[in-house]
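*Asks:* Dropping a structure here in structure tokens format, bear with me for questions.
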Amino acid sequence: MSQKKQESQTLSQEEQNQLQQSLAHYNDVAQALHNSTQQPEVEAALHSLTSLPENVQIAYLKTLSKESTANAADVVAAFNALAPAKEVRKEAKRSLIRLEGNKIYPQWTPPPTPVVEEEAVPVDTTPPRFWKGLITDTKELGEMQLILCWEQGANYKEVRMMGFLLEFWTEGVKDFFTEVNNKRHMEDHIEQMRQQMSGTGVHLISCSLAQGRRMIQEAQEVNTKQQTKPHRAFTRNLPLIRQLALDAAEDEEEEEVESAPQATPTRRNIPSIPMMPQDILDTFFPGMANEEVVGDFIDAWSSADYEMAYDLLASDSPLRDGLEREEWVELRQRWQQEAHPNNINVTFIAEYDEDDEDFEEDLISDEQPVIEAKTDLVEAETDEDLDEDDDADTVETAWSLEFVRTPLVTSIKEIPQASAFYKETDRHWFWVRYSLVEEDGNLRIHDMIDEAALASQLSSAEIQQRMEKIALLAGKRLDDLERRLQEDEDADDEDLDDDYNEDEDDFDADEEDLDEDEEDDEDMLDTFNRMEEALQIATRYMHYTDALIAQAPTSNPAMYRQAYDFARVAQDFERAAVYLQQLAEHFPEQRAKALQDLTLVQLNIAYNYSQEEEEEREQQFLQIAEETIRDSITLANMPESLTTLAQILVGQNKQLDEAEDLLEQAQNRTTDAHNLALIESNLAKIAELREDTEQALQHYQHAAEVDPTFPKIWINLGFLQYDLEQYASAIESLKRSVELNPDDIEGYLGLGEVYRNGLQDYKNAEEILLRGMEVNEESADILGSLAMVYIDQSNLRKAEKYLDMAEEVSPESSFLEEVREAFELAQAEQRRNRRASGTQHKKHKPKPKKR
């Protein structure tokens, strides 16, 4: 972290006074911003603040970010737009994010940048100009579509279209898109919208730019009042929206158009007005609606809301099985009583495109026929049905569910064929497609295509061919993703190290910073999309693996390993366990290693249950893991297996003599530095459990000597040295931890404890903990430790500030309960001292002389 950032956290008494005086008037500053129409007026409103020292400005912004008012957000937004100091603008940006996290959004927007005319600079002769606006006459319903278009480019042959989905009760700006295309394409698109609305009772009418602007601003006001967040695409494109729509000059377009909708939205109007058809929504905002319907269906069904699940099926859906709503629901409730479904996990939900180049052309060769058969769970379709499905929207999804199989499951048509099953948790994995149709103006699920069942009907050769192609594609995607993440990390490092030379025109520099942030947002979204795509590819591979295992379980051990690797990437440890179990079962020569790896997977499952506070299941998998690794040791007495068994025993504080013996055996049979450090670390833990701290210290020191980069070794060593009151050594060890792992807050906490409690060096304690805040400003442990530093110095005002922040983050923390108790004791002591001081003052006060 830069020294500049560290110093900005500490304020002198004079600076504290400046901060408090400035905070008392932030509402006045906000009002001045609202009254400003030009940039110089905004700069004048901020002058008293931007002239403060930089560290005071940063502290001011951090404090404002904890205010739950739009005025505070407006002042922060103004800093973000116009503060001269780059570090201050960065803090303003972070403060805006904190406010948005609490659903507080700025309403003030910067005035348009004044245009400076310079004869020497050629002026763009084709700036964008407003072309047309369109709006649906549905505002009385509380929701409307808005389309705004601008001509741009050479000879104004291109058109930029912006589409807004505006909701006036709670959601405000509900969705947004923008695209650029030629004018003919846009005209065809608009005509298509009109045709789709024909006969629906919804009309697409003209609107001016001014009317469109007012509708957007009304929706933004809803976001503010209801404390909801505008759609992320709207937020990401806000600079462009401001330039073209919100900040555009108001002229003759301000005149009303008679047909423009002006009614205030009210729920009482809904019954008498036809609702907007789903296909019109999809025309404006395509892509997500289909996935949302499927997601809603799975969510309702898995939550036992079978009534809603039934309603999300089309009236002629085979999944209704010809049953009326009450019968359909009652059957599933009976099944639920028997099967106890629980813990659904949806891997992905995505639009399915049969012509998708990334999947179909890479995964299925042109020579292979596409099989469209179903299992006994899904009735065979006629050619006519298949043609209809080709025209329908289709959504692909993969999900898993824990439940006990009973005979009644065959009557539940929406439960497909499981491609894999994990007996320890009764988890089943599924892979399906859902076809959707439009019914009464809404999207509904028509049928389910069981992809896992289709895969099982392919020949082994066909399955292997698809798996090979998926493996190649998945490898490429994962390599691309890893390279992209590395590039982003390198770029972030450059940003941290580079001191940018600011332009004389600070506003232009800020715009460049904003453009960089937009690029960062787009990069992050692109990374998430790549990760989702990689997960989707990996999931397909695993389902094809399941199909091949069912047909030829002993064909190739490599397929189990590849599927296991994909399951680990997806963090699906139960599925990883399935593949290792089967590898151990079908390939005896690989059984010992498979069981060793299976143990680690089972320990991960146990850890996940511990995080969910399911102690019974945690203990179940710890026991299973112990049994598994003992089986592995029986087959092959590998040092890694001996160490793993010892770790399991040490972690449960049982059979420590056996654990020590296992570690000594492993130590004599390995030369690997990491393994030796792991062995020494566990020997140290055994010594600690036996309260032999000197022996523990020796083992930790040996571990650090063998492998100085071993995880947590310097933290463990530093804390033990602190317990032994070897403060200088503890500081050296914990500083080493911070150097090696600057993102691990334990090193900062340890150093803070040594300085505060060991050496009473409050200055260094405060400094290191503030550095820790730069790593994680929402760490309750860091904030609570800072509060303790200030309590020890009797600075109760600061202590209360950080303690309040910590309790807001983690109100149930037992550590913070101790800090609060210490604070209240110090507060009571301070009050007693003040009263005593007052009494003493009265005793020594001279008596007035008698006249």
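The backbone N, Cα and C atoms fix where each Cβ goes, and this holds for glycine too.
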*Asks:* Write down the single range among 89-116, 201-228, 649-676, 733-760 that appears in TrEMBL as coiled coil.
*Replies:* 649-676
*Asks:* Can you tell me the mean pLDDT for the repeat 'TPR' (780-813)?
*Replies:* 91
*Asks:* Short question: which residues 6 or more past the ends of the repeat 'TPR' (677-710) have a Cβ under 8 Å from it?
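*Replies:* Distal contacts: 643, 646-647, 650, 653, 656, 659-660, 663, 666-667, 670, 716-717, 720-721, 723-724, 733, 736, 740.
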*Asks:* What residues in the same chain, six or more past the boundaries of the repeat 'TPR' (711-744), come closer than 8 Å to it by Cβ-Cβ distance?
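*Replies:* Apart from its flanks, the repeat 'TPR' (711-744) reaches 1, 677, 681, 684, 688, 693-694, 696-697, 700-701, 703-704, 750-751, 753-755, 758-759, 775.
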